[in-house]
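Per Swiss-Prot, the features are as follows:
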| type | residues | note |
| --- | --- | --- |
| BINDING | H131, H151 | (7R,8Z)-bacteriochlorophyll b binding site |
| BINDING | H168, H208 | Fe cation binding site |
| BINDING | F194 | ubiquinone binding site |
| TRANSMEM | 11-33 | transmembrane segment |
| TRANSMEM | 61-89 | transmembrane segment |
| TRANSMEM | 94-116 | transmembrane segment |
| TRANSMEM | 149-176 | transmembrane segment |
| TRANSMEM | 203-228 | transmembrane segment |
Amino acid sequence: DFWVGPFYVGFFGVTAAFFIMLGTALIIWGAALGPTWNIWQISIAPPDLSYGLGLAPLAKGGLWQIITVCAIGAFGSWALREVEISRKLGIGLHVPAAFSVAIFAYVTLEVIRPLLMGAWGNGFPYGIMSHLDWVSNTGYAYLNFEYNPMHMVAVTLFFTTTLALALHGSLVLAAINPPAGETVKFAEHEDTFFRDFIGYSIGTLGIHRLGLFLALGAGFASATCILLSGPFWTQGWPSWWGWWLHLPIWQFGGH
């Protein structure tokens, strides 16, 4: 039951700190081995595809492998620390469960997908510009990644999450900051506003549940969209939609 001032640490807080410090030190080491100290250009690359699923020398991808283990250890420790805090507070495990979806997305990118494709080199590098290049190159490898159906679902859910919670947040700000001479508004006014605005109000508790559902759905769909690309679909994503062109409705009344 270890605390630092008002902050609960616990066993998993200690393990999280260990993995964070070790991983950070290895990143600095990798940067020292590289050609630049420019924060934008520093990159810790995964092993070459020729190494497959084997261990690589430290300077040729081995650092990336150890840093990945440290990252998973840090994320997992932090989630378990959240579990301990939730139990101490007597609340549900919604926060660690939500964080676990983000961990799943990371593990999908760096562990599950490379495993299914047979090489750690299919993971993304650790670096600002290098990881953006990886995203761009991976997208072009499938011609137009926006045609990936799960990518469509993920983007839709991300934007819908933003819209739903922006509507809620802006309404709360409007309700608790009335013009001079007016009283502060409460939940019944908020419900009435949305019933008048869109015909339905999900309620003050419901909007937070909806926001959580949309956000976690976005994270899960984003992990799924990259998992499909490579292990299960190797062509360009536009060609996946060929079935759409052969629906009977397009042949109706034709020759």
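Backbone N, Cα and C atoms are what each Cβ position is placed from, and that goes for glycine too.
Note that the structure is predicted; figures quoted are calculated from it, not measured.
Here the features listed in Swiss-Prot are placed on the structure.
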residue	record	CB count, 10 Å
H131	(7R,8Z)-bacteriochlorophyll b binding site	15
H151	(7R,8Z)-bacteriochlorophyll b binding site	22
H168	Fe cation binding site	19
F194	ubiquinone binding site	17
H208	Fe cation binding site	14
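On a Cα basis, H131 ((7R,8Z)-bacteriochlorophyll b binding site) lies 34 Å away from H168 (Fe cation binding site).
Distance noted between the C-alpha atoms of H131 ((7R,8Z)-bacteriochlorophyll b binding site) and H208 (Fe cation binding site) is 32 Å. In this structure, the C-alpha atom of H208 (Fe cation binding site) lies 15 angstrom from that of the residue listed as 'ubiquinone binding site'. Across the fold, the C-alpha of H151 ((7R,8Z)-bacteriochlorophyll b binding site) and the C-alpha of the residue listed as 'ubiquinone binding site' stand 30 Å from each other. Residues of the same chain lying 6 or more positions beyond the ends of the transmembrane segment (94-116) and with a Cβ under 8 Å from any Cβ of it are 46, 53, 68, 71-72, 75-76, 78-80, 82-83, 86, 122-124, 212, 215-216, 219-220, 222-224, 226-227, 230-231.
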